[in-house]
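> Provided herewith is a single structure, encoded as structure tokens, for subsequent inquiry.
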Amino acid sequence: MGKRVVYPGTFDPPHYGHLDIVKRSARIFDEVVVAVAKKPRKFLLFDAEERVKMFEKMVEDIPNVEVKMFDCLLVDFMKREGINVIVRGVRLFTDFEYELQIALTNYKLAGVETVFMMPSQEYIHISSTIVRDVASYCGDLDNMVHPYVKQKLREKFNCGS
């Protein structure tokens, strides 16, 4: 069995920065499981099923990537899936501080390792928050999200065609 890793997140919505991390992870590891957090206590623009569908559209041409939803502690999901490595994208130093705290907690809880990856330079400025903000004003999303995600955002914000 090859090395499987998990790339977890809320992905509300998924964007090209997320896809960049997945593509690069898929070149390094045998299998990448994109784990979409259901997060019922957090306000989300899209429900979990919609976010899974968007990510599936983004990775449909990458054979060693699958997208799953989870609604539990990440380490419990990982145990069920037989995965012991997490991949996380880190854009800024402030991201790293938070991610390091989570990585240390996951290690203490279940002995899982975390691999940090920087997004490629052309995607480092993109966040789901920025994508939602631009989309809410019907702005140009072409360089931020997959066409399917763009379509869903335009529908959500009544932007027309």
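Numbering starts at 1 and runs along the chain as it is shown here.
A Cβ is built for glycine as well, from the same backbone N, Cα and C atoms used for every other residue.
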> Do you know which of LYS42, LYS53, LYS150 Swiss-Prot groups with THR10, LEU74, ARG88 in the substrate site?
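Record source Swiss-Prot; matching candidate: LYS42.
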> When you rank THR10, GLU99, ILE124 by Cα distance to ARG88 (substrate binding site), which of the binding-site residues ends up on top as the closest?
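Checked the binding-site residues THR10, GLU99, ILE124; minimum Cα distance to ARG88 (substrate binding site) goes to GLU99.
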> For ILE124 (ATP binding site), what is the tally of other C-beta atoms lying within 10 angstroms of its C-beta?
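The answer is 15 other Cβ atoms.
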> Give the distance between the Cα atoms of ILE126 (ATP binding site) and LEU74 (substrate binding site), rounded to the nearest whole Å.
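Cα to Cα, ILE126 (ATP binding site) and LEU74 (substrate binding site) are separated by 24 Å.
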> Cβ atoms within 10 Å, counted per site: which of THR10, SER128 has the most, among these binding-site residues?
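Checking each of THR10, SER128, the winner is SER128.
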